[in-house]
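Trainee: Okay, here's the structure, questions in a sec.
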Amino acid sequence: MKIPRLTDTTLRDGDHAVSHSYTPEMVRTIVRNLDEAGVPVIEVSHGAGLNGSTIQQGFSVHSEFDLIKVAVETAKQAKIASLFVPGIGTSSELRKAVEIGIRAIRIAVHCTEADVTEQYFRLAKELGIEAVGFLMMSHTQPASVLVEQAKLMESYGADCVYVVDSAGALVQTGVRERVSALKEALSIEVGFHAHNNLGLAIGNTLTALEAGADQIDGTLRGLGAGAGNAPTEVLVAVLNKMNIDTGINLSTLMDVAEEVVALLMKTPIVIDRDNLSSGYAGVYNSFLLHVRNAAEKFGVKASEIMEELGKRHAIAGQEDWILDVAVELAKKKG
Ligand SMILES: CC[C@H](O)CC(=O)C(=O)O
Ligand SMILES: [Mn+2]
């Protein structure tokens with residue numbers, strides 16, 4: 001197995017889990033530790049990517065550009081990256097983030113919508129930064145569709161394309177099929193981003209590596225949307241046990257996970273009924289908070305809303321369906 005490149009996204013995917021409340025001080029501490037530990041890439045932005053601070057996605061307490069600036073100033077070796085979702089972010093935020101000093105952008109779209117990414121890959125390349133494609137909700141499409149979409153991204157200039165298990169819905173066979181198909185079809189790198197709804201974030205990441213993945217993601221303590229991500233410190237510990245030397249200092253990671261990130265969590269990230277039903281139904285993880293609010297408001301179970309959203313194949317951007325479903329379920333109950 002090759003040595004993968006690890007991107008820590010505590011300060012991006014984890015942003016969903018702290019209700020977008022990161023402060024410059026928290027960013028400084030987390031980046032300093034990740035950087036000292038030797039993590040090569042650190043992603044920083046609103047959980048929904050650049051310009052995600054909106055009524056629909058949730059307002060950030062601090063400007064993400066201020067947070068990115070702190071990250072860039074703090075990191076000595078790590079590359080600072082941001083996430084970009086076309087339609088939420090625009091070229092002007094991408095340009096601004098590059099001016100501040102990000103050196104990689106991860107361009108995320110629903111896994112059948114790669115054609116909307118062309119102008120952003122081209123812009124990233126024109127601005128001289130690394131550009132990574134993120135095929136979100138990859139469990140919803142077979143490997144053949146993901147290959148077509150990934151090839152489009154490759155043709156636009158992507159340096160890597162990720163299979164993104166946004167709902168934590170994939171089991172190991174699904175990961176293997178998708179990652180190996182992309183590896184076979186592309187000349188660029190392939191990545192895998194896990195969520196833990198079925199308890200498989202670490203296992204699926206290892207399967208992705210066996211299938212040839214070049215890049216993987218983690219978050220400290222698994223802090224991320226829904227049931228969270230593969231915990232960075234656990235990933236490094238497991239890779240060490242497998243004699244895959246990432247060169248990352250485990251002890252520093254364990255300390256920052258325990259002494260800093262664990263304290264930011266309002267409640268520990270666990271696979272509870274809501275998270276499990278979200279993964280089981282294949283519902284996008286960042287729906288969780290909205291689903292819980294709607295469940296409380298209309299007196300129905302969050303897991304029932306998840307089940308119905310899964311049946312309707314809801315994807316990111318269709319958050320308004322949550323209320324419709326909650327109202328319908330409440331009416332049925334009488
Ligand atoms: C809105 C972007 C999204 O949270 C990206 C991601 O991490 C995922 O789909 O899992
Ligand atoms: Mn994610």
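Heads up, the Cβ atoms here are built off N, Cα and C, so glycines get one too.
Residues or ranges marked as active site, proton acceptor by TrEMBL: His16. What TrEMBL records for Asp13, His193, His195 is Mn(2+) binding site. Per TrEMBL, the feature domain 'Pyruvate carboxyltransferase' maps to 4-254. Annotation source TrEMBL lists site 'Transition state stabilizer' at Arg12.
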Trainee: For ligand 2, list the recorded positions among Arg12, Asp13, His16 whose CB atom is within a distance below 6 Å of it, in sequence order.
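Mentor: Checking each Cβ against ligand 2, the ones under 6 Å are Asp13.
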Trainee: Could you tell me which three-state DSSP class His195 (Mn(2+) binding site) falls into?
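Mentor: Its secondary structure by DSSP: coil.
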Trainee: Relative to the mean position of the Cβ atoms of Asp13, His193, His195, the recorded Mn(2+) site, which additional same-chain residues have Cβ within 8 Å?
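Mentor: Checked against the 8 Å cutoff, the neighbours are Thr9, Val164, Asp165, Ser166, Gly168, Ala194, Asp217, Thr219, Gly224, Ala225, Asn229, Ala230, Asn285.
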Trainee: Report, as a single number, how many Cβ atoms besides its own are within 10 Å of the Cβ of His16 (active site, proton acceptor).
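Mentor: Taking all protein chains shown, His16 (active site, proton acceptor) has 23 Cβ neighbours within 10 Å.
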Trainee: Mind giving me a neighbour count for His193 (Mn(2+) binding site)? Other Cβ atoms within 10 Å of its Cβ, every protein chain shown.
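Mentor: Other Cβ atoms found within 10 Å: 30.
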Trainee: Can you grab the distance from His195 (Mn(2+) binding site) over to Arg12 (site 'Transition state stabilizer')? Cα atoms, rounded to a whole Å.
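Mentor: One finds 14 Å between the Cα atoms of these residues.
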Trainee: In terms of DSSP three-state secondary structure, what is the assignment for Asp13 (Mn(2+) binding site)?
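Mentor: In three-state terms, Asp13 (Mn(2+) binding site) counts as helix.
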Trainee: Across the domain 'Pyruvate carboxyltransferase' (4-254), what does the mean pLDDT come to, as a whole number?
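Mentor: Mean pLDDT, the domain 'Pyruvate carboxyltransferase' (4-254): 97.
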Trainee: His195 (Mn(2+) binding site) has how many other Cβ neighbours within 10 Å of its own Cβ?
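Mentor: Around His195 (Mn(2+) binding site), other Cβ atoms within 10 Å: 30.
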